Amino acid sequence: MGSLSKDAREEVIQAWYMDDSDEDQRLPHHRNPKEFVSFEKLDELGVLSWRLDADNYETDPGLKKIREARGYSYMDFCEVCPEKLPNYEEKIKSFYEEHLHTDEEIRYCVAGSGYFDVRDRDEAWIRIWVKKGAMIVLPAGIYHRFTLDSDNYIKAMRLFVGDPIWTPYNRPHDHLPARKEYVETFVQKGGAGQAVDAAA
């Protein structure tokens, strides 16, 4: 593999194992020493990611290709910051409650940055830092949470297959079919998701 083929995603997405500190959730929470997580490892957990052209998202052929391939027909934007989000403190707390969804969670960061935390197969938290240009897909049934970083701002495109349903099911909801399917596909079998090469 070597250093010749640098992954473009590295500039807008980083992932690492979190420490156990209950300090401010907006801090990076690196372990000591730092323990980074590869894109391959995220793939194994069903977390897909791309680097896209956030300055031209209206006309970006890479985004169009992903939307068509994965059936993302619905799109809107969400700005998370104290000035723009009603009931900001309450919302930030609820986003950071560990939960799952019965459908994929698709987020494309067009400005700002934030953290998506997901559980690995051994229940350890992995923190995924997304910055402008990063698009990630969290599979249905994965336990996760979201918080801003210390910059306190993200503008994200939310994508969805069909009508949007934003229902979070706070842990534990292991009885849901989406959770059972996730465990079967990614935890027990260690399968990998189907990626779409936006650059092709």
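We number each residue from 1, going along the chain as drawn.
Each residue, glycine too, has its Cβ placed from N, Cα and C.
From a predicted model like this one, the values you see are computed outputs, not experimental measurements.
The feature Ni(2+) binding site is assigned by TrEMBL to HIS99, HIS101, GLU105, HIS144. Counting only same-chain residues six or more apart in sequence, the Cβ atoms lying under 8 angstroms from the Cβ of HIS99 (Ni(2+) binding site) belong to TYR143, HIS144, ARG145, PRO168, TYR169, ASN170, ARG171, HIS173.
Sequence-distant neighbours of HIS101 (Ni(2+) binding site) (same chain, six or more apart, CB under 8 Å from its CB) are LEU138, ALA140, GLY141, ILE165, TRP166, THR167, PRO168, TYR169, ALA178, listed in sequence order. As annotated by TrEMBL, Fe(2+) binding site applies to HIS99, HIS101, GLU105, HIS144.
Apart from HIS99, HIS101, GLU105, HIS144, the residues listed for Fe(2+), the same chain places the Cβ atoms of LEU100, LEU138, ILE142, TYR143, ARG145, PRO168 within 8 Å of the centroid of those Cβ atoms.
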